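As written in Swiss-Prot, here are the features:
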{"type": "BINDING", "residues": "Leu120, Gly124, His125, Leu126, Glu246", "note": "(6S)-5,6,7,8-tetrahydrofolate binding site"}
{"type": "SITE", "residues": "His229", "note": "site 'Plays an important role in substrate specificity'"}
{"type": "MOD_RES", "residues": "Lys230", "note": "N6-(pyridoxal phosphate)lysine"}
Amino acid sequence: MNQKLGLKDQDQEIFDLIEQEKIRQKENILLIASENFVSQAVLDAQGSILTNKYAEGYPQARYYNGCKNVDQIEKIAIQRATKLFGAKYANVQPHSGSQANMGAFQALLKPGDKILGLSLMDGGHLTHGHKLSFSGGFYEAHFYNVHPQTEMLDYDEIRKVALKVKPKLIIAGYSAYSKTINFKKFRQIADEVNAYLMADIAHIAGLVACGLHPCPFEANADVVTSTMHKTLRGPRGGLILTNKEEVFKKINRGIFPGIQGGPCIHTIAAKAVAFQEAMMPSFKEYQKQVIKNANTFAKAFQQKGYRIVSGGTDNHLFLIDVKHKNPEFTGSKIANMLEKINIVVNKNTIPFDQEKPFVTSGIRIGTPAMTTVGFRENDFILVADLMDKAINHLDDESYLAQIKQQVLALLSKFNK
């Protein structure tokens with residue numbers, strides 16, 4: 001093996017698949033709410049020689065020598081993260097959002113402690129107590145629901161559930177919720193039952209960083225967790241923030257040696273780059289456009305007779321109840337059809353869904369990725385029109401082929 005060979009010469013099979021994925025990303029309208037396009041600078045950092053360095057431990061407290069440079073990189077990432085989110089302490093080592101949540105749980109809870117989060121069906125996340133997740137296996141998980149009529153958080157009902165359950169930890173933050181979260185009300189509820197408050201801002205981190213969504217630290221959240229790769233537009237990875245020194249010490253132990261060994265320094269460098277980018281004025285303008293696009297997009301569907309869960313969106317995503325359009329529709333059927341015309345969404349449960357999680361009654365739509373590409377309101381209005389036409393001709397392959405050409409024509413304007 002010649003280590004100086006590039007990927008194309010060393011492994012043609014993997015090189016070709018990456019090239020195919022590059023084409024797919026250029027030739028599809030990507031509406032997955034949890035995806036985005038990172039900058040070249042983020043890619044450069046993540047693909048750097050930092051991947052060669054093992055650095056178990058924390059800056060100035062490593063188990064390996066030769067960490068002078070990577071210590072500086074991790075310190076910079078921490079400094080930028082705390083500045084961006086207005087926090088005193090940050091752990092930038094979690095490999096993912098799930099591991100960030102796991103590390104926070106390790107810090108705050110003991111096995112068997114009670115946790116309270118939003119039902120997965122209503123927009124929560126697997127790591128907020130689902131039985132198939134560590135969070136439902138190691139801890140006694142309880143759930144609150146959205147209001148059955150408004151499909152929004154019902155803080156009075158959440159309070160009732162909390163008073164009944166008496167959880168050790170309350171989780172606020174979701175994977176499929178399109179309205180603003182009132183963290184201060186969650187803080188009041190948590191204080192009333194003497195619980196920790198953890199905010200999982202994985203989806204809305206970019207909005208929070210720019211002041212376009214309330215920050216959980218304004219409500220004195222005990223812990224804030226996040227991913228990097230959604231609205232924050234960074235590499236895949238996790239982040240934990242807190243303002244409380246004792247909690248921070250426990251978090252550090254919870255991550256290392258609790259659930260991880262050596263951190264991915266190349267990813268931490270990419271996180272640092274993403275934090276710097278998020279402090280630029282242009283990033284706030286981008287986030288404003290993400291919200292404008294999502295709002296316009298959702299309204300375009302409503303005007304065509306689609307039911308948007310909770311009536312609309314305040315952030316970067318929304319859910320469409322496809323069964324309201326046609327009882328024979330399912331989220332999986334619509335998502336699979338849309339992929340044929342180069343529009344990518346994901347099937348998603350909606351509140352009180354009667355379908356199985358791999359079938360669903362809804363689809364989830366997000367605007368971050370295509371806003372990065374350059375889409376504006378009028379582009380999303382056109383996409384809504386194309387999606388509606390395709391849905392109304394679900395089984396007409398010839399018609400769908402025509403719609404696909406219109407999708408490619410739209411994308412060609414942005415791929416020059």
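A Cβ is built for glycine as well, from the same backbone N, Cα and C atoms used for every other residue.
Features as recorded by Swiss-Prot, highlighted on the structure.
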residue: Leu120; record: (6S)-5,6,7,8-tetrahydrofolate binding site; Cβ contacts under 8 Å, 6 or more apart: Leu126, His128, His130, Thr349, Pro357
residue: Gly124; record: (6S)-5,6,7,8-tetrahydrofolate binding site; Cβ contacts under 8 Å, 6 or more apart: Gly117, Leu118, His130, Phe143, Ile171, Tyr174, Ser175
residue: His125; record: (6S)-5,6,7,8-tetrahydrofolate binding site; Cβ contacts under 8 Å, 6 or more apart: Asn101, Gly117, Gly173, Tyr174, Ser175, Asp200, Ala202
residue: His229; record: site 'Plays an important role in substrate specificity'; Cβ contacts under 8 Å, 6 or more apart: Ser34, Glu35, Asn36, Val38, Pro235, Arg236, Gly237
residue: Lys230; record: N6-(pyridoxal phosphate)lysine; Cβ contacts under 8 Å, 6 or more apart: Ala33, Ser34, Glu35, Asn36, Ala202, His203, Ala205, Gly206, His316, Pro368
residue: Glu246; record: (6S)-5,6,7,8-tetrahydrofolate binding site; Cβ contacts under 8 Å, 6 or more apart: none
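According to its DSSP assignment, Leu120 ((6S)-5,6,7,8-tetrahydrofolate binding site) is helical.
The DSSP secondary structure for His125 ((6S)-5,6,7,8-tetrahydrofolate binding site) is coil. For the recorded site, Glu246 ((6S)-5,6,7,8-tetrahydrofolate binding site), the DSSP three-state label reads helix. In the three-state DSSP scheme, Lys230 (N6-(pyridoxal phosphate)lysine) falls into the coil class. Around Leu126 ((6S)-5,6,7,8-tetrahydrofolate binding site), taking its Cβ as the centre, 16 other Cβ atoms fall within 10 Å, counting all chains.
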